[in-house]
Amino acid sequence: MHIRSLILFLLYSIFAYLFQATFDTEDTIVAVLDSGIDMDHPMFEERLLQGFDLIDGDHIPNDEVGHGTQVTGIIMQLTEDSPVQVLPVRKLGNPNNTSLAILLSIISGADIVNMSFHQPYNPITQKVIEYGANKDVLFIASSGNEGKDTLTYPAKYEHVIPVAATNNKNSILSGNYGEGITYISPGINVLSAGLGGELTTTSGTSIASAYATGVFAYLKAEYPQASSEELVQYVNRYSRTIMYTIDDKHLELKTLDMAKFKAVTNKNSYMWFSDIHWGSEETMAPSIKLDAYNIDRLYLHDKGTFYQTYTGNTNSIMLPSHEGNHDVRIHFHDGDTWQDRRITYEIDSTPPTIETTITNNESAPKLHVQIDEPNIANVLINGHHPKHYLGYGPVDATLNHFTIIRPKETIVIEAIDTHGNSNTKIIH
């Protein structure tokens, strides 16, 4: 460390010890380093510790932006019934006070530090994080929202857990995915706390890292004697693995689902399934990925008729693949009662029907096209989208019915439905 950095580190340490707070609590403490918090939000009632405002230099970290309130709201919701309290630290986007914010969190007894922000590398921040890691503090940060094969700081520091975002079905990977990324959490259209005591829907890796923080805080509250390393091992054991391929890079990420961790700790049953995956164009056989816990057998019914049985430890299920509409019920026993999960879908292997007529009784011959297909996805005329002729110029047509001036050259009409079936008609 350079002399200047060392001096700053010492000054931060002195200031932190003068400014620190001590709390008489055995609850798990989560420090949220952000834009502050809506102190009067009903979601946070009796769950906030006296925080720090490094912008105004006091202990009233009021949030004027909303980001810190959103992040804290995620953590609070996930740990609603757990002995978890939040230590809010208002630092906004100022990289110069990050080291002090982390140091204050450490010496004030934080078990977990959430850092849902991005900033340049700072050697003092790295040293303070190392200091916290040696005291068994767990650091969690957002990976960054650029969608690049990299990580932003502080997620890129050693001893920090970076988190990217996904949706509830894990079909989307959002955010940076550089070396060191291990976890994904729900971070797309998530309901959380907003300013003025309101609720708001928000997205981003900041929300995903807050979700991960909530998971680790819940587990720390359940197992207060567990070290950070033991918590990570526990999470790795019960997380499901999701594979992604981005620009020829294959990623194997662990998704954090609070419902599963609560099921595991309470010895309840749990089941998650993915969106439907469709097979090859030849078979179109549908399947789903499965993550089940404490379930012996799964019974599948389609529109009330028994279809198949699977063991609870299977990770993939083949669904009925015959033509028509399907209403699949996955039936399982959770130890107390029977539960159901439903999947509805349609299998359509019939190509669209194309009907055409030509009228020549006007100044220019016209071609009228009718597509008989309720699930039409796209129609092309000689490789282009059709236009409907109204006499004063072309405008966009409907996909099922349109009229164009008949070109002199050969016309190729192609219709594709939402199931990938296609039909082509050639008019000479």
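Cβ atoms are placed via backbone N, Cα and C, with glycine included.
What you are looking at is a predicted structure, and each value in this text was computed from that prediction instead of being measured.
When pLDDT values are averaged over the domain 'Peptidase S8/S53' (27-238), the model yields 95. If you look up TrEMBL, you'll see 27-238 marked as domain 'Peptidase S8/S53'.
The secondary structure of D34 (active site, charge relay system), as reduced to three states from DSSP, is extended strand. There are 29 other Cβ atoms within 10 Å of the Cβ belonging to D34 (active site, charge relay system). Summarising the annotation, TrEMBL assigns active site, charge relay system to D34 (among others).
In the three-state DSSP reading, H67 (active site, charge relay system) counts as helix. Summarising the annotation, TrEMBL assigns active site, charge relay system to H67 (among others).
Here S206 (active site, charge relay system) comes close to H67, Q70, V71, S116, F117, S142, G187: these same-chain residues lie at least six apart in sequence, with C-beta atoms under 8 angstroms from its C-beta. Residues or ranges marked as active site, charge relay system by TrEMBL: S206 (among others).
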